[in-house]
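Student: Handing you a structure now.
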Amino acid sequence: MKILVDENMPYARDLFSRLGEVTAVPGRPIPVAQLADADALMVRSVTKVNESLLAGKPIKFVGTATAGTDHVDEAWLKQAGIGFSAAPGCNAIAVVEYVFSSLLMLAERDGFSLHERTVGIVGVGNVGRRLQARLEALGIKTLLCDPPRADRGDEGDFRSLDELVQHADILTFHTPLFKDGPYKTLHLADEKLIRSLKPGAILINACRGAVVDNTALLTCLNEGQKLSVVLDVWEGEPELNVELLKKVDIGTPHIAGYTLEGKARGTTQVFEAYSKFIGHEQHVALDTLLPAPEFGRITLHGPLDQPTLKRLVHLVYDVRRDDAPLRKVAGIPGEFDKLRKNYLERREWSSLYVICDDASAASLLCKLGFNAVHHPAR
C-alpha cells in the first residue's frame, strides 16, 4: 500500500508507515506522476483536490490535515467512490491564540484595554466558540453572528452581521468560504461593510482570504479610513496584494493555525480516519508525539492584568515574528510558500507551566488554556 503525504505534515511519515509505504511530496505543486500507483493521498490546504488531479488515478482515500475543506471537491470524491476525511477543529486553539496575540499587541501599541471593547465574532464554529469562551473568561463582551447555526436553532444569542458592524469595536471572521448559496461568505466583508465599521475599529481575517474583499479593503485604507487590520489570509494565495500588505497593521502568511499541536492534531485525525477506512483502526495520544516545551516553568506573582497576560502570551507567541518576514519577501515568487514550509516551531499556551501565588490568577489562566497551578506564597 502506497501512501502519499504532504512533506510539511509533522509526524506523518512515522504514523502512516504503520499502515503502508510512505512517500513525502510537496503540496504545491503536487508531483502528479507519484499519483499513478498511490492508494491514498494526505494533503494540506495548499493542494487542490479535484477531478483534474485524481481522475484515472488509483487513489482510494484522501485526507486533509486541515479544518477547512474548500480546497477539496468533496462532491466529486463521493461520486468517484473515494473515501475522505478532514480534521475539523485541529487548529482552532492556534487560531484563537493568534487573534489574542494580535489584539494584545494592538492594545499595547494604541493604549486601550480590551475590557473597553466589544468583539464581534463572525462564524461560531470550532474557532469562534473557543474565542468567545476565552474572551468572556476575561470579562470581554462578545457579539455572535452565525446565520446557519441561528437558522438551525443552535444554542446561542446570534445577531445579524449588520448589528455586529454597528456595535463591535473588533470584528473577527472565522467562517468557511462559500462561493454561493444562502450562506455565501465570498466577499462577506465587502466595501459597504468595511465603510460601515466604527471609526478606529479592528478588522481581523484568519479564515479564508476571499471572505474579505481585498481590493475594497485597500481602497478604503487608501482613502484614509480609520481602521486597524490584521490579515493572515489573502485573496489569490500564494500571491498577495503587496500594496495591501503595506497598509495593514499585521500581515502574516496564512499561519494562524500553525502550532505544533495544531499540525499534530491534523495529522493524527486523518491517520485515525484512514486506519479505520482500511479496517486497521488505530488511535494516537497526542502527548506521546509532542516534544517537551521550550520553556520550563515560570512564576507569576499577584493578579492577572492585561499587561501581564500580554507578556505571557507573547512569551509563547508574538505575532510580530511572522509579520516582519512576510514584509521582507512580499511579491517575490515562491517566498509566501517558503515561509510556510520553513515555519519556526510554535507552541500553544498549554505548553507554558505557570506557578501562581494568586488563586484567581491560576484559575483564570487555566480557563484561558495555560497550564497553571496555584502555590500560595510563603
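Every residue gets a Cβ built from N, Cα and C, even glycine.
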Student: Per Swiss-Prot, which of S45, S52, S85, S275 sits in the substrate site along with T66, Y258?
Tutor: S45
Student: Given that Swiss-Prot lists D146, T175, G257 as binding NAD(+), which residue among D190, D232, D287 does it place in the same site?
Tutor: D232
Student: List, in sequence order, those recorded positions among S45, T66, R208, H254 whose Cα sits within 10 Å of the Cα of T175 (NAD(+) binding site).
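Tutor: Checking Cα-Cα distances against T175 (NAD(+) binding site), the recorded positions within 10 Å turn out to be R208.
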Student: Could you state the CA-to-CA distance between D146 (NAD(+) binding site) and R208 (active site) to the nearest Å?
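Tutor: A Cα-Cα distance of 16 Å.
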Student: Determine, to the nearest whole angstrom, how far the Cα atom of G257 (NAD(+) binding site) is from the Cα atom of E237 (active site).
Tutor: 16
Student: Run through the Cβ atoms and count how many others sit within 10 Å of the one on T175 (NAD(+) binding site).
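Tutor: The Cβ of T175 (NAD(+) binding site) has 23 Cβ neighbours within 10 Å.
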